[in-house]
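Visitor: Structure in structure tokens, see below.
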């Protein structure tokens, strides 16, 4: 049992809603998409069930150069009383401003930051680090974690820990670290990678990719040193219910919000 | 009831407006001193960086208006910090309604900065926390904090104790985001509207 003498910030569970054409979808390793429902209804359900935050990723935006979904953001913000992040295809300060004005709490940037790293500094200066999440998609190539861009389709030649450190130094408020080698496999999170990044930066790290069993979450918070864990399919398809997962983590000694 | 939300181009006010609407209120987003003076309640959300927020307040003339308000007033996040004397964030003089100096958290292996996420409240007192207990959580996102003092109405820690909420006369402040703190935050907002 925890016996804390002072309050601590809790480990966060973050359902991720991949959105395409206004519907929630989830693929296996970024392809082969399955329909998972109305994003506003799902968002409300997750908030009721104890989600600590939500992430919406417009997964078509980068490849098809579509503008982010400000209308969906507005509809979500109207009903949701927990924080949420929006990402996908964000390229300009104007994109970010439109999303924040629509009610998003944070934005997640990925390809645009890799193409022009000063974008991170500009957003942090203009809107504050607290709303700038830098998403980093990585793939294990041989023994090295390499950063991918354009929805995971293109290698950048950058090394994961070095890019995460640079993003933090440039003013990111948080990192969303996805192992594409684990994404959709339900074989557990990339623990060593997550630990290496968490130890390299002083900002919070959200681990993503590979959640399958409740024990995977305990491992990523403890061995992985993650501040938050993100998952999609295990929540969407009711394989693991949030309240049961939180109770499990609490019993295992992980500090969560019950 | 007239509810005014201070508009100084200083952050994400939309979430606060939506949260008030969910409580059945019809808030007005305004920088007009007359509208602010005659409102029954004034909310002052803030996000971003202290010096540019103070600059935006000065440009709107609100640095002179806000300290003279007499109705219940709620500063949220940076809006609470701005009620203090001075911030270490870019060495910024602030509104001076409360005596604190705003400091930066120092990260260590177990304490990331920003302090981001859900944390408990301790030593709750005053009308904003009616119906709540130390088991309740609220959502924080901040790198700077007001130390604990006589003005503190709730504390949290990261790991040093800090003011999660403050009060001086009609001026209330909360470091966390009431509008993003689920049912607990909704209760605190409702308690404020009932003042």
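Heads up, the Cβ atoms here are built off N, Cα and C, so glycines get one too.
Residues or ranges marked as domain 'Glutamine amidotransferase' in TrEMBL: B:5-193. The feature active site, nucleophile is assigned by TrEMBL to B:77. Look at TrEMBL and you will find B:177, B:179 tagged as active site.
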Visitor: Tell me, how many other CB atoms lie within 10 A of the CB of residue B:179 (active site), whichever protein chain they belong to?
Guide: 30
Visitor: Just the number: how many Å between the Cα atoms of residue B:77 (active site, nucleophile) and residue B:177 (active site)?
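Guide: Pair distance, Cα basis, whole Å: 6 Å.
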Visitor: Indicate whether residue B:179 (active site) is helix, strand or coil by DSSP.
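Guide: In three-state terms, residue B:179 (active site) counts as helix.
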Visitor: Reduced to three states, what secondary structure does DSSP give the residue listed as 'active site, nucleophile'?
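Guide: Note: the residue listed as 'active site, nucleophile' is in a strand by DSSP.
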Visitor: Counting across all protein chains shown, how many other Cβ atoms sit within 10 Å of the Cβ of the residue listed as 'active site, nucleophile'?
Guide: 27
Visitor: I'd like the number of other C-beta atoms within 10 A of the C-beta of residue B:177 (active site), please.
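Guide: Its Cβ shell of radius 10 Å holds 25 other Cβ atoms.
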